[in-house]
């Protein structure tokens, strides 16, 4: 019931004391029903409504605890029976406010204000008058129906829709006619008999006439309006305000019936026939109109028949209308949630997959919501001064978008709250009837009917209220995420740097969630005063003036709750901040896990995460313990209020009788809960405002200016790119321009090369052409579409094919050509699924060269006019590089304009224009030969290149032989491949399941018992569990005792002799109540202690398992999945699951307590109760099959949204340069809808279950009532009978609650299951082995032997290295060359045991590396990896994360790697900041930092994995020189794409497709002209000798 829903789909709470606690004081029998099933339900279940906090990847937002939910019945657990059969006949009990107005009426039939006819008629007249004015205004000022709509489809309108329209028009005319007739009849009667009808005074008669006139006029006007509006038009749906009016009219009509019934039943005053006749007509008409209103919208045939609202429907396919179960449901189906039937049936046959979940209604999907939300948002942003967006403007836009849901839920909430008060109001009359009071002799059946009708209204309104609230929440979330995503794509670089990716992800995962969750609270502000007013009304009628003392005491208690609440809010804020920092660190570590493993640093970084978590848990602990204080205040409240009130009664001399006492106790609970909801609502409002502020400030960030580049349409000018007087700065400051005085122009079809040293502004030049760098002055013009290939490859996770097509249609011929040009064919043949292979996050399972070539293929396939290449050739080997240059730049793109940044001098001569960059300026510009002699910048680069080439002089290349050489080279390479293909055939069959990235595993079926057991026994071996249960049992016993005491010890009536003095009565009551409050405190403390300990253990175990997982785990697991567990699931464990577990146990204890009490009173109810509870459990099992899978799907569908957002932010430059923003926005919408689908149907499934449970409990209740009134008077004690009614009601409510909390726990425990899943990941071999300590100087020689080494990445994938037998002699330099994908990087990974050899062994200095610990091995080897990585922190922490070296050593290393001067320039020197991913350093500088790391480490074996790919030739030569000086004695293994890097090696190893093809000294290999190596060198030289 509001039983708690929370982000997981239902409200839950935060109250440590879970839901379960009952109040320390007694709950009298009938009281339970008294205060209301109404308040109760609302309170109890409401109470919990939103306890939940938003959980996002950054975790839940702990919330101030909301008092535990209490089931739909008395908020406190039902009280024990107050009387046992042996006790004296009780007074009308608790709930029978013996002094309720009805009781008063017995003595003196004066109608209370609420039942005065004048009030009722005044209300009716006012409402109808407003309607008449609204309709009149509409008729006068509204535009005529648009012709095009009626003309749109002449044949339309003959369908069912029109019949609903005609039906509504006719029903309205009929009602208008009857109102005119009844009004006229009433007027004539009044005129003939001026004194009015019997019992109705003159003012009433005037009000009656005014009401009748207003109704007649309003309905006539409305009938005329509908007639004009819907006549002959195929209007499919009625306007929302119209349906809202019909619902309100039904409420007014039912209210009139209720007032007339109460007047007759309780006060014995006659109501004339005319009002009854009007009531009957109006209720029937209102029901008919509502049915027409809600059925009309759903009967359309297809989307094409929808009126095209603002064109929003145009994109909607015909299938969606039928695809959404909700859209196509009829009125009754919507009313009872039966439309969920088909989905629940499927869920019971098999585990649901996302494909089984139907689509959303168009209005709930992003496509249906976004246009109106953006319109509303722009309207808000456009008006007035101040910032463009604020929390208030966002709220207004959201309210306007979902206003219909807000209005309709307000109506449901009102109906529900009124219906819940009918029971307490009438129960006294029921007891009087059973007691044989003559005034009620004939009213028994009417009473029963009234009770049951109220119950039905209560049940229906509550279910639909909660369902529509959740629907509104889902809509708000979708709208916000979509707007934030679009904003993220258009951020300028400065805005991009001002927010970390973690903060941006938080906005969509946490803040948007919280705004969606606020829908639960939006009506509380006006409902609280309403409920308080109703409770005080009953209390005043019972205790008179003493009720003011009760109010005062309640306010004091409320104030007492403020300090713990304030503290909790503060702790929660701190908790969130700590979590943000931790999640940011975790995501950076996951991104760079490969480097950490290679360097052996992962445990150091794990301890960093554990330290952050320690800070976080210190706040978590404070938060949890404060919540126990709040709980204690809450449970102590009823005692305190009761004592104050009864004390006031003693002082004022108001006699305490058992009926009054019990009624008052029940009412305290009614009063207590709304006031407790208020702080909770306020706290949620504050949190939501914070979230809205964060979203608004994000939406206010500066966007990329759209006017910085003037884009002309293709073919409109001969000049493709023109930059004149350009001055640009990344940080927008004129003092420090990144590029200045830029002037150049490129004609259509020109090739422009850009070169220069590291950090000279080459990449920035391309960015300014794309409009990515803020422009200070000058102008940039481009003519045509652009395609851009970035320096660091940006690859989306998904299929290779999708990356290349990038949203374009598949054209096989063109696609094959592109693969050929980018020499991707061979790579795809090696991959298990060809181009259907799924790439891991950031292209993790591809080599650097493959990623770059996929990027180039993506650009070529787009067929743009202008191509911008940011040095893509440095990541590929020399042969592939020159192939790409020839095929792509000189071949496929011969007619296009191409601007390419390059470090390879040999690619410069073929450019039509060369721009040499230096210090952000164009130092030289012109053709190669023209500028070669005219300045030193280009000479410097060419000179460095020539030095590198001197080693090649040994080769005598015949000028004419170039073609044959390259031909024979590719032929010999492919023949080697062919041979290998034969060998690999037998592997082929195993590969079918070989995708590296698998679908996210989700457990299927019931959550295993072992998950619960593991959770319970994790902390202290489960020792605290029995204490928690004992405390709860004691509480239950003491509570029942206090109820018995109050029932037994207070006198039955004024005349009876009290068994004990009033003071004794109060003292014993206080003693029992205080004791039960203490039990609650003890229980809360035990529960929190166990929860905290368990959360800490689970966190540490999971993180240990993740950090010790092999690299293959990270390659195949997108980081979003890991982050989801570290944030969302961990947050559930931190703050929720213990309470959920407690909730189940405590509710069962209460159920047992009540059954024990009831069995002494009325065993007959069991005849119905037993079968009903069996049916309830059957429903629960039927429902949980579907709900569990939907809940899991919600979890699985969240990660892709976050991952897609993170990828889009990283690749926003690429996305914008291709003009693909629209495509990415629609992907995001699709992912949002995929997340909303299971969420929406999960909410509906919950209401489906609750509706059925409510119906069954109402059935039991009805049975009990009918059973009681059919017994002859005197057979059963009326008080006991009232008690039985109350308990029959409570029992079912509690039983519904037990069922509910079990379902909720099963949904929530999935978080524990997911964490336990990661705790059991297989781990890497041990980090160090205790036996046989390695000598401290190992390896002293540095000799590496590979014996028959076979390596593959996963059991289902083919071998990458196939039987390598190689020795790398100690102290020598070996170069490894080979085509991209030939296994070079894999060989290195095997050496570091990132991948373990499947067969064979690797020996270093005679030690088999597989027999020693991983850290022992990795700490003695050094590597400069292919992707240069820097971590957020400082320069010092990047060079020496383990703090092993002093400043002098670090400066020396920096000077050695040429970064010393750069760092000295910075203010903070070694403590200069490095931002996320090292993005404030150029790629070349990052590579130099990696060089600095190995110079510091100085090990005997050094591996360079394409280490100089990102630097120019001059810097490369400098690096080589530094390495020669520092590692002259070491074994150096170099993987290089520049042949010159390996020519000075002592040995060369040529790999092809995982096999060592050649191995010898470079000179020897070059002598043999037929060797593959000499052909590779010849190819390279040929390329180079163009210079």
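Yeah, the Cβs are placed from backbone N, Cα and C, and that goes for glycine too.
TrEMBL: automatically predicted annotations, no manual curation.
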Have a look at 350-375, 376-401, 402-427, 480-505 and point to the one annotated transmembrane segment in TrEMBL.
402-427
Among 988-1011, 1012-1035, 1036-1059, 1108-1131, TrEMBL lists transmembrane segment at 1012-1035
Output the single range from 407-687, 721-944, 1344-1578 maximising the number of Cβ pairs under 8 Å to the domain 'ABC transmembrane type-1' (1027-1307).
407-687
Report yes or no: does the transmembrane segment (118-141) come within contact of the transmembrane segment (402-427), defined as 3 or more CB pairs under 8 Å with a sequence separation of 6 or more?
no
Restricting attention to the domain 'ABC transporter' (721-944), give the mean pLDDT.
86
Go through the chain and flag residues at least 6 beyond the ends of the transmembrane segment (212-230) whose CB is under 8 A from any CB in it; none is fine as an answer.
124-126, 128-129, 131-132, 135-136, 138-139, 145, 165-166, 168-169, 172-173, 175-176, 179-180, 182-183, 186-187
